Amino acid sequence: AALGCALWVLGEALGEECPAPCSCTSLGEPRGTRVDCGSRGLRSLPALPRLARSLHLHNNSLASVPAGALDGLGRLRELELQDNPWHCDCRILYLRLWLQDFSAPALARLRCASPAHLRMKPLGQLTGNELGACTTLLPTKCLQFFWRDLVLIAGAIITLVLVALAVKFSKKLVCQLTLAGRRLRRISKSH
C-alpha cells in the first residue's frame with residue numbers, strides 16, 4: 001500500500017504518467033522531469049510527458065518521429081537521439097526541421113541508416129532532392145494555423161481601418177462642435 005501511494009504521489013508530482021518501458025525522475029516542480037527511454041528497444045515514440053526537461057531516446061530502433069510528437073515539450077532542454085536507425089525519407093523531415101530550431105548539435109549527431117544511398121549521411125545535410133518527392137510537407141495542423149493566421153490578419157486590418165475612420169470622424173465632430181460653440185458665443189454676445 002505504501003509503494004502504491006508513493007507511486008501515485010510521484011505520478012501527481014510529475015503531472016503525467018511515465019510511458020512504459022521508460023523510467024522518469026522528477027527534477028523538482030519548476031524544473032520538470034527526466035525521461036529515460038534509452039536502450040529500451042523502442043520502434044515507435046511513446047506518449048511523452050509534457051513536463052519532460054531531459055529526454056533520452058538513444059540506442060533504440062526508431063526510424064522516424066511522427067509529425068507534431070515533440071511540439072508539446074515546452075520545458076525540454078536536453079535531448080539524446082543518437083544510435084537509432086533513422087530512415088531518411090519524407091517522414092524524417094519533421095524531426096530535421098524541429099531539431100534545426102531546438103539544437104543544431106543534436107541534429108549534427110544524427111545520421112541516416114537508410115535508404116542505402118544516404119547511409120551515414122548527417123541528417124542536417126540532407127537536401128530536398130535526397131528526400132524524394134515529398135508531396136505532403138505540411139501536416140493538416142499547419143494548414144489550420146495558416147487559416148487561423150489569415151483570419152487574424154484580416155481582423156487586424158479591419159480593426160485598423162475602423163480605428164482610422166473613427167479618428168477621422170471624431171476630428172470632424174470636434175471641429176463641428178468647436179464651430180457650433182463659437183456661433184453660440186457670438187449669438188449670446190450680440191443679444
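Every residue gets a Cβ built from N, Cα and C, even glycine.
Whatever TrEMBL says is automated annotation, not expert-curated.
What TrEMBL says about this protein:
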type	residues	note
DOMAIN	17-54	domain 'LRRNT'
DOMAIN	84-135	domain 'LRRCT'
SIGNAL	1-15	signal peptide
TRANSMEM	145-167	transmembrane segment
May I have the DSSP-based helix, strand and coil counts for the residues of the domain 'LRRNT' (17-54)?
0 helix, 11 strand, 27 coil
Over the span of the domain 'LRRCT' (84-135), count residues by DSSP class, listing helix, strand and coil in order.
29 helix, 7 strand, 16 coil
